[in-house]
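These notes are about the structure you will find just below.
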Amino acid sequence: MWVLGIAATFCGLFLLPGFALQIQCYQCEEFQLNNDCSSPEFIVNCTVNVQDMCQKEVMEQSAGIMYRKSCASSAACLIASAGYQSFCSPGKLNSVCISCCNTPLCNGPRPKKRGSSASALRPGLRTTILFLKLALFSAHC
C-alpha cells in the first residue's frame, strides 16, 4: 500500500496537468570564433514547455573553432543533430557537430572529472528506477 502512496506522490509532484517545464541553456545565436559562449552573460531561460533541450553546434574552420548554442525543441534538435551526423569529425577541418541535451546548462563547458562522484550517483538512480517499477507494477495489479 505504501508503494501506491509513493506512486501518487510522484504523479502529484511531476505529472500534474499544467506543470511547467523550463530549462536554462547557454545561447549565442551568431557563430562565435574561439569563444564557446559558456560565460554567465550567455545564460538564458528557454521557452516554457516548448524549448525543452539545449543545443550546441561546433564547426571547425581554418580560422578557428566556431560555436553556436541555443535553446531548442526536442524534435528540432534531434533532427538537426541527426542530419549533421555524417559531417561530425572532431579535429578535422570543416567538421560540423551538433549535440542536444536536456539538463540545465548542459551545452556549456564540460565539467571537470571527479573520481568518486559518478559512482556516488548510481545508487540513487537505481533506487528511483526501483520505486518507479514498483509503482507501475502496483498500478497494474
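Cβ atoms here come from the backbone N, Cα and C positions, even for glycine.
Features of the protein shown, as given by Swiss-Prot:
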type	residues	note
DISULFID	Cys25-Cys54	disulfide bond
DISULFID	Cys28-Cys37	disulfide bond
DISULFID	Cys46-Cys71	disulfide bond
DISULFID	Cys77-Cys100	disulfide bond
DISULFID	Cys88-Cys97	disulfide bond
DISULFID	Cys101-Cys106	disulfide bond
DOMAIN	25-107	domain 'UPAR/Ly6'
CARBOHYD	Asn45	N-linked glycosylation site
LIPID	Ser117	GPI-anchor amidated serine
SIGNAL	1-20	signal peptide
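A gap of 22 Å separates the Cα atoms of Cys25 (disulfide bond) and Cys88 (disulfide bond). Listed in sequence order, the disulfide-bonded residues near Cys106 (disulfide bond) (C-alpha within 10 Å of its C-alpha) are Cys54, Cys100, out of Cys37, Cys54, Cys71, Cys77, Cys100.
A coil conformation is recorded for Cys88 (disulfide bond) in the three-state DSSP classification, outside any helix or strand.
Every protein chain shown contributes to the tally, and the Cβ of the residue listed as 'N-linked glycosylation site' ends up with 12 other Cβ atoms within 10 Å. One residue stands out among the disulfide-bonded residues Cys46, Cys54, Cys77, Cys97, Cys101 for having the most other Cβ atoms within 10 Å of its Cβ: Cys54. Taking the domain 'UPAR/Ly6' (25-107) as a whole, pLDDT averages 91 in the prediction. All protein chains considered, the CB of Cys71 (disulfide bond) has 23 other CB atoms within 10 Å.
Comparing the disulfide-bonded residues Cys37, Cys88, Cys100, Cys106 by how many other C-beta atoms lie within 10 angstroms of each C-beta, the top residue is Cys37. When the domain 'UPAR/Ly6' (25-107) is classified with DSSP, helix, strand and coil residues number 16 helix, 35 strand, 32 coil. Counting Cβ atoms from all protein chains shown, Cys25 (disulfide bond) has 27 others lying within 10 Å of its own Cβ. Cβ environment of Cys28 (disulfide bond): Asn35, Cys37, Phe42, Tyr67, Arg68, Lys69, Ser70 lie under 8 Å away, each six or more residues apart in the same chain.
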